[in-house]
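Some features that TrEMBL has for this protein:
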- 46-227: domain '3-deoxy-D-manno-octulosonic-acid transferase N-terminal' (DOMAIN)
- Glu75: active site, proton acceptor (ACT_SITE)
- Glu145: site 'Transition state stabilizer' (SITE)
- Lys225: site 'Transition state stabilizer' (SITE)
Amino acid sequence: MRTARTPASAARGGGAMYELYRAASRAAAPAALLWRRLRGLEHPSRWPERLGRPSVARPRPGSPLVWFHAVSLGEGMAALPVVRHCARLHPGLPILLTTTTLSSFEVMEDLLPDGVIYQFAPLDCPDAIESFVGYWKPSLIFLMESELWPNLILSAAEKGIAVVLLNARMSLKSFNRWSLPLGLQLVSLMLSKLSLVIPLSTIQAVRFQLLHAPPQIIHFAGDLKYAVGDIDAGEKAVAAIEDLQQQFSNRPVWMAASIHKGEDEIILRVHDELIRMYPDLLLILVPRHPQDIKNVSQTLKKQKVNFVLRSTREVMSSNTSIYVVDTLGELRMLYRVTPIAVIGGSFLPGLAGHNISEAAAVGCAVMTGPHVGHFYHMLVEMWQINPFAVKQVKGEYELLEALKQLLGDSRALEACQRAAKDAFSIMSDGVVNRVWNLVRKFTIGSDTWDSLSRTG
């Protein structure tokens, strides 16, 4: 009879697996970075940061420093409310934010509070991590969502640096992979080194416990993606909103946001049907990936559709049917100029949805497709508050019918807008404070937290 591995035995076995991972990551890192550079996935001049080489001086050498790490724009936006909260409570504390993607770099730097440092994250190989941690010397590390990197976590643990996993989640695919015997040894070792895990949902908490995360470090606070919608629009965004509203000239408008390749075909067919009923209807189309813009533009040209690219700054006319947003970092602003928001990444198998709370926060009537991945917990929580807070459709036909209803019935549209905003308000209330209280509780008493508190 096979005996189940205990957390302690799995973690002990993780030491050997970690040594194998260290060797493999050290050998693979140069080729991986070169491949990414050749594909244009790294910043042309700041790529050395990925090897742990800083591009700016560390402020106040010898003082405490807090490091927030998020892989991409979505996770970075979820971290932003906590970054701002930390900066408010401890105005003299050096704070560092890292991400890995170019899109997050282009957006996040402009949103950070004054004094917060931005760098590209080091690759998870021993040399890069040791160089990065040795230079910045963080006192506390916040990892966002699913950023479980063995070299980073175990190097921090060896140096006595507290590590917190915020908005913790793990896809079923990742869970199954980590659950394999060799993977379980390594992930058990990593999770045993964390000071606090704040999961997105009960399902996520169960997955982390099954991977041998110590139960006493798992605590709930809510989804930080709800707090993203609380970030006010800046002066630049307000001016852009007023400009667009003037161009729209009271035309009926709907928006399709974060649309992936293949989904654009669905959206364009639906819009083509809708303009038969509403000839002056305007679609704001926001592709998820910049590289898809060219294909979308070519398709619209072939179909002889009157469209405007936002990057051209061309003023829309009454004949403009589609406004294609080919700029980055403006999604939250655009939600403020449309009464209806269809959230993409959800209409084709293999996709896993996107954050709906930003649209709900500003009072859009929110719709999404059937494939929403871990965002399903967000839908359920909003439905529990009000069933009209978000509409999930099964596919193209239901999307078309739902849009017809909202465009043709102002009372139904207003009810969905109000439901979404009210649900968001309830769900977002106090999330950041609850997170920060847990951070204080589970690091209090350590030298790390004592020094951070003195800094503030």
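A Cβ is built for glycine as well, from the same backbone N, Cα and C atoms used for every other residue.
Between the CA atoms of Glu145 (site 'Transition state stabilizer') and the residue listed as 'active site, proton acceptor' there is a gap of 7 Å. The Cβ of the residue listed as 'active site, proton acceptor' has Thr99, Met144, Glu145, Glu147, Asn167 as same-chain neighbours under 8 Å, each 6 or more residues away in sequence. Note on the domain '3-deoxy-D-manno-octulosonic-acid transferase N-terminal' (46-227): mean pLDDT across this stretch is 94. All chains included, 24 other C-beta atoms sit within 10 angstroms of the C-beta of Glu145 (site 'Transition state stabilizer').
The Cβ of Lys225 (site 'Transition state stabilizer') lies under 8 Å from the Cβ of Gly74, Met77, Ala78, Asn167, Asn355, Ser357, Met378, each on the same chain and at least six residues away in sequence.
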